[in-house]
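To start, the structure itself, in structure tokens.
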Amino acid sequence: MPPRSLSNLSFPTEANESELVPEVWEKDFLPDSDGTTAELVIRCVIPSLYLIIISVGLLGNIMLVKIFLTNSAMRNVPNIFISNLAAGDLLLLLTCVPVDASRYFFDEWVFGKLGCKLIPAIQLTSVGVSVFTLTALSADRYRAIVNPMDMQTSGVLLWTSLKAVGIWVVSVLLAVPEAVFSEVARIGSLDNSSFTACIPYPQTDELHPKIHSVLIFLVYFLIPLVIISIYYYHIAKTLIKSAHNLPGEYNEHTKKQMETRKRLAKIVLVFVGCFVFCWFPNHVLYLYRSFNYKEIDPSLGHMIVTLVARVLSFSNSCVNPFALYLLSESFRKHFNSQLCCGRKSYPERSTSYLLSSSAVRMTSLKSNTKNVVTNSVLLNGHSTKQEIAL
């Protein structure tokens, strides 16, 4: 079946969209299948990028999970959440990315009714796990830095694991409507031909795509981002205030603790920044298409924006391990050891201060006109060996 021109479609291209990665088939942007440069780029370069994303993402996330599972000193609150992020990314890389890549080789939806129900729900579940876990990580950083005395000290790892499971349950439940309403449909063209597509909402009117895109944007992007921003506003305010209240005689000790706090918060903030950077273009594009449901944009610029948004959104599933590699000395050492199949074990009490909110010495500073009282508390639900482990 030759590629179709957008001008021949009698049904809006949004009918092909999945919930977060727009499903406008790139062949619809192309002229006839005559080996043009545009066609070669789309059918060869883009799938190659997908292959790189899958390969790099699998390597990084599998290594990350393996390191956390095989090193007892790495099992703490933030690392449980980070492993949760990696699990969600692996789910997306193993299912949704290959399915999306297949659209560059097939003219129609080839995964049947069951695939049409499962794939959109799986993708939405993965995105939910990512954004809700980032919110939970930010909340953990808030408690560790702003209210360190309120941190739970017993059963913290079990409680955190239950939270991680809860995130998956909520994400799956929120994705159920996607599985219910997604269906395989025949999309007609003005040239009297038709093709099969998986559509995420009923074809009845223009209201469904608008409601769908707005809810997706609010639940999976804007609301979590607002919550995270509030947490980090208070974190920044606390860090700035603590920096001004540091007593001179405790300078070296408190300076090291302050650097620990900043680094812990920085790692989570980098994860959030990567998520926003990778997913924001896709959300904007989906909103634009949903509110211009009957208008088709066949321009080259729109095609490029679509491709970039899609590649960026999937790239988010492979960036977290590399961000952690750059920011965490402990993780970097373990990663290099695993990659080289080495047997060298690194001391658990590293000189680097990294990701252990459940095991970091937090200092509560209270000043008055004559003195400063410094209370150091070891917030650890497991053992002192986790004090500065990743």
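Using the three backbone atoms N, Cα and C, a Cβ is placed for every residue, glycine included.
If you check Swiss-Prot, you get these features:
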- 1-41: topological domain 'Extracellular' (TOPO_DOM)
- Asn8: N-linked glycosylation site (CARBOHYD)
- Asn16: N-linked glycosylation site (CARBOHYD)
- 42-65: transmembrane segment (TRANSMEM)
- 66-79: topological domain 'Cytoplasmic' (TOPO_DOM)
- 80-99: transmembrane segment (TRANSMEM)
- 100-117: topological domain 'Extracellular' (TOPO_DOM)
- Cys116-Cys198: disulfide bond (DISULFID)
- 118-139: transmembrane segment (TRANSMEM)
- 140-156: topological domain 'Cytoplasmic' (TOPO_DOM)
- 157-177: transmembrane segment (TRANSMEM)
- 178-211: topological domain 'Extracellular' (TOPO_DOM)
- Asn192: N-linked glycosylation site (CARBOHYD)
- 212-235: transmembrane segment (TRANSMEM)
- 236-266: topological domain 'Cytoplasmic' (TOPO_DOM)
- 267-287: transmembrane segment (TRANSMEM)
- 288-299: topological domain 'Extracellular' (TOPO_DOM)
- 300-327: transmembrane segment (TRANSMEM)
- 328-390: topological domain 'Cytoplasmic' (TOPO_DOM)
- Cys341: S-palmitoyl cysteine (LIPID)
- Ser352: phosphoserine (MOD_RES)
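Between the transmembrane segment (212-235) and the transmembrane segment (80-99), fewer than three CB pairs separated by 6 or more residues in sequence fall under 8 Å, so the two stretches do not touch. Among 42-65, 118-139, 157-177, 267-287, 300-327, 118-139 has the largest number of CB pairs under 8 A with the transmembrane segment (80-99). Segment contact is absent for the transmembrane segment (267-287) and the transmembrane segment (42-65), given fewer than three CB pairs below 8 angstroms at sequence separation of 6 or more.
Taking the topological domain 'Cytoplasmic' (66-79) as a whole, pLDDT averages 85 in the prediction. With helix defined as DSSP H, G or I and strand as E or B, the topological domain 'Extracellular' (100-117) counts 9 helix, 0 strand, 9 coil. Mapped onto three states, the DSSP output places Cys198 (disulfide bond) in strand.
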